[in-house]
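Taken straight from Swiss-Prot:
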| type | residues | note |
| --- | --- | --- |
| CARBOHYD | ASN159 | N-linked glycosylation site |
| CARBOHYD | ASN197 | N-linked glycosylation site |
| CARBOHYD | ASN390 | N-linked glycosylation site |
| CARBOHYD | ASN402 | N-linked glycosylation site |
| CARBOHYD | ASN516 | N-linked glycosylation site |
| CARBOHYD | ASN526 | N-linked glycosylation site |
| CARBOHYD | ASN551 | N-linked glycosylation site |
| CARBOHYD | ASN588 | N-linked glycosylation site |
| CARBOHYD | ASN611 | N-linked glycosylation site |
| CARBOHYD | ASN751 | N-linked glycosylation site |
| CARBOHYD | ASN850 | N-linked glycosylation site |
| CARBOHYD | ASN890 | N-linked glycosylation site |
| REGION | 934-955 | region 'Disordered' |
| REPEAT | 204-231 | repeat 'LRR 1' |
| REPEAT | 232-255 | repeat 'LRR 2' |
| REPEAT | 355-377 | repeat 'LRR 7' |
| REPEAT | 404-427 | repeat 'LRR 9' |
| REPEAT | 466-490 | repeat 'LRR 11' |
| REPEAT | 492-514 | repeat 'LRR 12' |
| REPEAT | 540-565 | repeat 'LRR 14' |
| REPEAT | 588-612 | repeat 'LRR 16' |
| REPEAT | 707-728 | repeat 'LRR 21' |
| REPEAT | 729-752 | repeat 'LRR 22' |
| REPEAT | 867-891 | repeat 'LRR 25' |
| REPEAT | 893-916 | repeat 'LRR 26' |
| TOPO_DOM | 23-961 | topological domain 'Extracellular' |
Amino acid sequence: MKTNFVILLLLLCVFAISPSQQEEINQHNPGIYHQKLLYKVQQWRTSLKESNSVELKLSLAAIVAGVLYFLAALISSACGIGSGGLFIPITTLVSRLDLKTGKRFLGQYLIWVILLLGQLHECKSCIEKERVALLDFKKYWMSITQESDLDYVFPTWNNDTKSDCCQWESIMCNPTSGRLIRLHVGASNLKENSLLNISLLHPFEEVRSLELSAGLNGFVDNVEGYKSLRKLKNLEILDLSYNNRFNNNILPFINAATSLTSLSLQNNSMEGPFPFEEIKDLTNLKLLDLSRNILKGPMQGLTHLKKLKALDLSNNVFSSIMELQVVCEMKNLWELDLRENKFVGQLPLCLGRLNKLRVLDLSSNQLNGNLPSTFNRLESLEYLSLLDNNFTGFFSFDPLANLTKLKVFKLSSTSDMLQIKTESEPKYQFQLSVVVIRVCSLEKIPSFLLQDNLFTIFQMPATIVHELQFLDFSVNDISGLLPDNIGYALPNLLRMNGSRNGFQGHLPSSMGEMVNITSLDLSYNNFSGKLPRRFVTGCFSLKHLKLSHNNFSGHFLPRETSFTSLEELRVDSNSFTGKIGVGLLSSNTTLSVLDMSNNFLTGDIPSWMSNLSGLTILSISNNFLEGTIPPSLLAIGFLSLIDLSGNLLSGSLPSRVGGEFGIKLFLHDNMLTGPIPDTLLEKVQILDLRYNQLSGSIPQFVNTESIYILLMKGNNLTGSMSRQLCDLRNIRLLDLSDNKLNGFIPSCLYNLSFGPEDTNSYVGTAITKITPFKFYESTFVVEDFVVISSSFQEIEIKFSMKRRYDSYFGATEFNNDVLDYMYGMDLSSNELSGVIPAELGSLSKLRVMNLSCNFLSSSIPSSFSNLKDIESLDLSHNMLQGSIPQQLTNLSSLVVFDVSYNNLSGIIPQGRQFNTFDEKSYLGNPLLCGPPTNRSCDAKKTSDESENGGEEEDDEAPVDMLAFYFSSASTYVTTLIGIFILMCFDCPLRRAWLRIVDASIASVKSMLP
């Protein structure tokens, strides 16, 4: 009983330790504390076995020991004391207990109580001096913060004396001394030209890390001046990156912090040459990060930092390759990051002196030539990236032959003239984990990957077991077959990208042996045939599978498929046939992207698809699917895009759709019938219903806040345009063309935004999923080969613009695609009548307006001159009258202008864009004159038949149609009244008229039977 009780107490004490403290113990002294603890427990158990004659009872000693265990656990958890620090003495006490002698125990008990209180005394919160200093810092920070953000300034920092400042946000303390050792201040909305008074930091004498990414403009200290940071003698890390607007004026302050080992000035908009001389006193500096600025050479003074091990100059504008001569003198460098600069020319030979270098990133520059032969001296090199440079000609890997530690190699060229030397004499000593060779006109896989094989096109020997984990040879010219034994040769492969090449033939069945592979992209090749059974059953670790744009055939994923972990599946643009079977996808809750578009699938849309609860993108467009749309399919909660267009679907539209964050719904080119539900626009961002057989009127839509593209072209919609359309405040593209709408154009359409003020919103559907995978980790390269699964779905929007019905694409990963700038309204080919509302001229962001092929009358509103961004204006095939407003010549963006086949008259305006329009824009308007027509506005009409032989000037003024109609009606009425008056008097004319009438009546009667 007693044994069980004490063991139970021991377990409870162990579980009382906080996970963070346990992790800290493991990091500093892994295994030591626990080994000692287990040893003491074993010692205690041995003493029990040796005392078999002693009857074990639940004595006061055992109870006190248990209480001590609890106290030890609580104090250790609260104060940051390691578990061994208190448990071991107490376990020692229990293991040495003489269960027969209470006095001896009490003596030891008193001793351990004293020691326990001593441990408790060592557990300290923050000291009062630093607590007051933190409150002063907060007060100062509030004084330089914008008033709107004052509530967000260190809300947990308060003046409550019972509050432990070591528990405040942005603070880290030493658990033993209670002194502040880290202060982190993130991005803040500070007032303009805000300076930090460094003297406020002086009370933090043991601070080791300062992170001030807060939008500051500089430092100030009216007492200590530039030497202010020298008072922080323990300061090792100073991070001033991001959101700061520092310039070189802060460098004298920084130079005083001679204890610094790490300095980051990343992303501070610093320009021009960096004065390394001004930080020459930082002789202990090991890491210097100046990335994401606008710095350029020279680099003189860098050699003062002799202990520097990591240098990051990426994302700047360094250009001269000769500037690297200074870097070559930094022989203690471990990591050098020079990517995304403007270095031009060949790599200098002196880089071979950096024999301690582990990481070298030269990507995204303008380097050319080849690798220097001196690279064979970089014996410590593990990571080399030469992506996105301007290499041309033959590129040799021979300088890398002896680099036994090389794990990561990346190469690509912005030029299409680079060719890889795939065969060479030296035998390469490295075993790469990551290979990226893109856009290199590669026709063969390099020999260092294939080793001792026959060097035909991409063949591998059966005996190779390569340690390669990441292989990217996409966007090359490799043709032929994948080797049959690729799965045996690369069994450890985790990710492979062979997209955009010219591979042919079947997919090798040996790929089923790649049981560890998680990402496979073979899209945009010429593969054919069925998917091998071993492949669909063996690669059970696959999460991302892209086989798009090939010629695979057969049934889509048989029932025995083992792709149970799939998150992204793209098999679009192939030749898969048959129905969409049940398979194992029916129970997959991790699948996020499923694209089966552009195949030959038949049958109904299976109802089990609604069980794919994690689905965000579903595209089954351009197949031969029939039946109705399952309502449950559109109710999936996370669905953001569904494309069922280009099928043979029938039935009615669903009344509403799901999607927590807005859905893009493409149902065009089907055979859907019936009315459009008034609730359909709820939570819908894009609705494409073009070319169906929908009928009825435009409904009184409810909840229209989300919709910004509405396309209903080519249906059988009737009735007038609903004024509810005026509530589409966020609309960008509105297409109601090719229907049977009638009535007037609502003047309230000027309420439509056609270009929202919030430019951050975008049309695209981009679901970017990051799958962490540490292929390589260093100071600057952390999870460098994290594969970002760009699960975006390109959206195709067809809209009439510039006399063409074109496709516009969006939904790239970024929000600057073409759809973000497309604002248009198409009401053409309907039966609309009446005047064109002048209020439409208020749609200043509109780029396309098409009102052609209607029955619109009156004149062209002069307010259209306010359409500053208009590119295409089509008013053809109406009954418009009057002249073309001269103000329209101010439309500098106008490319297409069509007013053909109307009743317009007068002089055609000239100037600016109107000088570019040809005669086709004005056909069918006989009363228009001037260029580009052949009708002169100054033509004279002569009369050779006049009696006096004189000439009368022909009036070429435009016909006033209103006056013409009025005079014609007056003449008609006057004639009728005159005839009526004549009939009222007895005169020869009246009698003659009556005789004619009588004769006509008699003639008609004689003709009747």
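Using the three backbone atoms N, Cα and C, a Cβ is placed for every residue, glycine included.
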ASN197 (N-linked glycosylation site) falls, by DSSP collapsed to helix, strand or coil, into strand
Residue counts for the repeat 'LRR 21' (707-728) under DSSP, helix then strand then coil, are 5 helix, 8 strand, 9 coil
Beyond a gap of at least 6 residues from its ends, the CB atoms lying under 8 Å from the repeat 'LRR 22' (729-752) belong to 690, 698, 704-721, 723, 763, 797, 799-800, 819, 822-840, 842-843, 850-851, 856
Taken over the repeat 'LRR 26' (893-916), the predicted model's pLDDT averages 93
Long-range Cβ list for ASN526 (N-linked glycosylation site), cut-off under 8 Å, min separation 6+ in sequence, same chain only, gives GLY502, PHE503, GLN504, ASN550, ASN551
Here the 10 Å Cβ neighbour count for ASN611 (N-linked glycosylation site) comes out at 15
Least crowded of the glycosylation sites ASN159, ASN402, ASN588, ASN751, ASN890, counting other Cβ atoms within 10 Å of each Cβ, is ASN159
Rounded Cα distance, in Å, between ASN516 (N-linked glycosylation site) and ASN611 (N-linked glycosylation site) is 27
ASN850 (N-linked glycosylation site) falls, by DSSP collapsed to helix, strand or coil, into strand
DSSP puts the residues of the repeat 'LRR 16' (588-612) at 5 helix, 8 strand, 12 coil
Of the glycosylation sites listed (ASN197, ASN551), the greatest number of other CB atoms within 10 A surrounds the CB of ASN197
Its Cβ having more other Cβ atoms within 10 Å than any other among the glycosylation sites ASN390, ASN516, ASN850, the winner is ASN850
ASN890 (N-linked glycosylation site) sits from ASN402 (N-linked glycosylation site) (Cα to Cα, rounded, in Å) at a distance of 69
Sequence-distant residues near the repeat 'LRR 26' (893-916) by C-beta distance (under 8 Å, 6 or more away from its ends) are 801-803, 847, 852, 860, 868-886, 922-925, 927-933, 937, 958-959, 961
Of the glycosylation sites ASN159, ASN611, ASN850, ASN890, the one whose Cα sits nearest to the Cα of ASN197 (N-linked glycosylation site) is ASN159
DSSP puts the residues of the repeat 'LRR 1' (204-231) at 7 helix, 7 strand, 14 coil
DSSP, reduced to three states, assigns ASN890 (N-linked glycosylation site) to helix
Outside the repeat 'LRR 1' (204-231), at least 6 residues beyond either end, the same-chain residues with a Cβ under 8 Å of its Cβ set are 130, 133, 172, 174, 177, 179-190, 192-198, 237-247, 249-250, 252-258
Cα-Cα, ASN588 (N-linked glycosylation site) versus ASN611 (N-linked glycosylation site), nearest Å, comes out at 8
